[in-house]
Amino acid sequence: MNKAVVVFSGGQDSTTCLVKALNEFDEVHAITFDYGQRHRLEIEVAQNLAKELGVAAHKVMDVTLLNELAISSLTRDDIPVSHELQENGLPNSFVPGRNILFLTLAGIYAYQIGAQTIITGVCETDFSGYPDCRDDFVKAMNSALVKGMDKPLVIQTPLMWLNKTETWALADQNNALQLVREKTLTCYNGIIGDGCGDCPSCHLRKVGLNDYLDNREAIMASLVEKQHAES
């Protein structure tokens, strides 16, 4: 049986990856991490979506230790989310080590259930520039997991080279445009769906959606062309 594990937050990107995986794999598991994120509603949204979409299993893991080690506006209510980059060139929403931990735990879970594929919605074209969302990082993590577990695990990143407009097209391609638009939580201020409209995440999401709706046919054609080039 062809199994996959999706790293799932309940946001736009991971939900798009989840619906795509459900169309491609025999059995899909979702794994969500409780790391003390700014909005506890994220966990509830992920649980509701996993149930609605009918995943084989949805595991919520407590990794709140990360909150004690990594200071970020995504984990601390007293740190406002800022549009400005810090001295290190990263936004204050960067949680150091987050995806290292998430992919390691997802790899352990995949090993235990006999899945060979891990799917994550990280993306190099996102505005953030997080180092643990880059393609070279994912390839390095993939190599480490394979060597450390002596198992042929593959980390898939369906969104790695897509912009936000094309990510909306991918959701639409998998018959999930409305679900992703109305039921996911991407907003830094904890508002489901279209969000607050002001935070960096909402701005990126809104611009991408409007562009897709205005240029639907051309963008879908561009997405299909990219997919054919990668296959």
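Cβ coordinates are placed from backbone N, Cα and C, and glycine is handled just like the others.
Swiss-Prot annotations:
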BINDING   Phe8, Ser9, Gly10, Gly11, Gln12, Asp13, Ser14, Thr15, Thr16, Cys17, Leu18  ATP binding site
BINDING   Cys187, Cys196, Cys199, Cys202  Zn(2+) binding site
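Features per Swiss-Prot, on structure.
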| residue | record | DSSP class |
| --- | --- | --- |
| Phe8 | ATP binding site | coil |
| Ser14 | ATP binding site | helix |
| Cys187 | Zn(2+) binding site | coil |
| Cys196 | Zn(2+) binding site | coil |
| Cys202 | Zn(2+) binding site | helix |
Shell list (ATP; ref centroid = CB of Phe8, Ser9, Gly10, Gly11, Gln12, Asp13, Ser14, Thr15, Thr16, Cys17, Leu18; cutoff 8 A): Val6, Gly121, Thr184
Packing count at Thr16 (ATP binding site) (other Cβ atoms within 10 Å of its Cβ): 27
Alpha-carbon spacing, Cys199 (Zn(2+) binding site) to Gln12 (ATP binding site), which is rounded to whole Å: 15
Under 8 Å by Cβ from Gly10 (ATP binding site), same chain, sequence gap 6 or more: Thr32, Glu42, Ile43, Val45, Ala46, Gln47, Asn48, Leu49, Thr184, Leu185
Cβ-centroid neighbourhood (8 Å) of the Zn(2+) site, Cys187, Cys196, Cys199, Cys202 excluded: Thr186, Tyr188, Asn189, Ile191, Gly195, Gly197, Asp198, Pro200, Ser201, His203
Listed binding-site residues (Gln12, Ser14), ranked by Cβ neighbours within 10 Å, top entry: Gln12
Nearest of the binding-site residues (Cys187, Cys196, Cys202) to Phe8 (ATP binding site) - Cα to Cα: Cys187
Cys196 (Zn(2+) binding site) and Gln12 (ATP binding site), distance between Cα atoms, whole Å: 15
Most crowded position, judged by CB atoms within 10 A, among Leu18, Cys196, Cys199, Cys202 as binding-site residues: Leu18
Protein Cβ atoms within 10 Å of Cys187 (Zn(2+) binding site), excluding its own: 22
Rounded inter-Cα distance in Å - Cys187 (Zn(2+) binding site), Thr16 (ATP binding site): 16
